[in-house]
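One structure below.
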């Protein structure tokens, strides 16, 4: 029974020395002298701020994509013992001794190094020769722009690593089953979904596969390409939100509910507020839109001018605006129209969806009002004011219906922070709305509030939420003013669920638009293909040493040629196949098509979307697309050698040309290595590197 124990347990392993050597070479090229320069290099000034916020657990929002990349950079800082204390305000600033430069740059460099063996394995999985795979890996190894980008605290090398890893994972999955039966990464993911769908479509036509097998294939693809990625995506945000629990500089673009869930900031003010808004409640109302800036419903004693500059008249009533700062004039009292009291009864009478209320300005005790008078800057909308009785034929119209937009039922209670409400004017059906326009000097440049004719559409500018809230206790005006100036403190706390916070944060990331400004090194997507532009990343303050984002000229030109050759050959083959002429065997054709789906498709989905983006673009945005184009070079070379070079002489000549071409790649790599690694150069040497007039090589005046 125990006979199997008579023989030793033997484990055998196959080691691909090509992969080992390539990985070691990649690590050397990316990790050598990683702490140099010990100064802020280009976009390190941007990403370093987020690393510091992670170290201090302070919440932030970045519109560049999911937080995984930022968390990996922060992990490097954490492993190096970084405390987050550094002022990231200037490119070229020397790092203080508390900044672990090597640790912060390690993970991007490691990701860049691992892209080399990934490139090798992708070509092997595409069924190309190990020689072609080795060529692809060496081209990635000797690509100056990829080396530069991976040696600093930047995200592109991490992005490229995960893109290549995703492609390799799917190819391994596809080959395994075949034998056995972001933001830019998003575009590559969609490409893989399309390829998986195409593969499954071909399976449907295979009568050798049973219905059960087809269902299993479908479920396996759904699990690996949908369920697992979504779960991982959510987990990244879960970790992100768990780590960043403190209030910070980006809170104000989030809703009041989100802000109140963070430690400090608004939570310090709102913690323990009454949950249910009742008649007599004292409240501040924040506009949900938050654009052009966060603001609160506000009034003051000043009135609208009798006549505006364009000659139109106004009601000369008390101004109502939206004010972007905390102020005592932001406080309003929710009043029951059928009663005179301005305090909360015992027990409180909560306000529900559909109830009619009056909003009384806390300091001036005038009622929120609107009427058929044109707004100052939005003449098609109604003016909103606080009513002053001038004893003229303009009666008060100050009744408002509360509509809870995010209610679960028609009997929902109006809740502090959580409820998003619209105020519909009873007399005119106008909705209280932030127009976003900035009033002239007479309105202190505050934002205009109008009454918008009720429409079927929904916009966040018409929605408000209670941010600060207390139960009013003082009936006398003097006592009430003292109460309005005092901080709120009660005994109820509110927390958002993870999914609520994730949904809001994801929407902000997708819709947040930073102000795009012209940059000295910004470029258009058309400049990238021929590398007509460069970026100066760092300049030594005294010597001629400098670091530039510049690619291997020979590799970039070869990648473009390979793309053109692939396109022309594919069109030629398609036309010939249409006429029933087959120039290459069917298996070679399928191999050629598969390579195009991955490499050409990868280039297309990582490049063409930039023509639709309204953002400041830089050369490094092209690197993911370039990586796929580089993978195409050895594929085209192997195809030409196998199918177009028919004789022994032509093959020998072609191989000699490949050797000469690869020597030129090595020469270009060595030529531009000084500005890849930041080696000191003389003025004459710097001038020799300006191969194109459009390159901005920095030369100091003597």
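Glycine residues also receive a Cβ, built from the backbone N, Cα and C atoms like all the rest.
Transmembrane segment is the annotation TrEMBL gives to one range among 100-120, 121-141, and that range is 100-120. Annotated by TrEMBL as transmembrane segment, the relevant range among 222-245, 246-269 is 222-245.
TrEMBL tags one of the stretches 587-605, 682-700 as transmembrane segment, and that stretch is 587-605. Beyond the transmembrane segment (67-88), the same-chain residues lying 6 or more positions past its ends with a Cβ under 8 Å from any Cβ of the stretch are 40, 44-56, 95-96, 98-100, 102-108, 153, 155, 158-159, 236-237, 239-240, 243.
Long-range Cβ contacts of the transmembrane segment (652-672) within its own chain (Cβ-Cβ under 8 Å, at least 6 residues beyond either end) map to 135, 138-139, 142-144, 550, 552-555, 558, 637, 640-641, 645, 689. The transmembrane segment (617-640) shares more Cβ pairs under 8 Å with 556-575 than with any other stretch in the list 15-33, 100-120, 154-171, 222-245, 556-575. Across the candidate stretches 15-33, 100-120, 222-245, the maximum count of CB pairs under 8 A to the transmembrane segment (154-171) is reached by 100-120. Averaged across the domain 'MIR' (409-469), pLDDT in this predicted model comes to 88.
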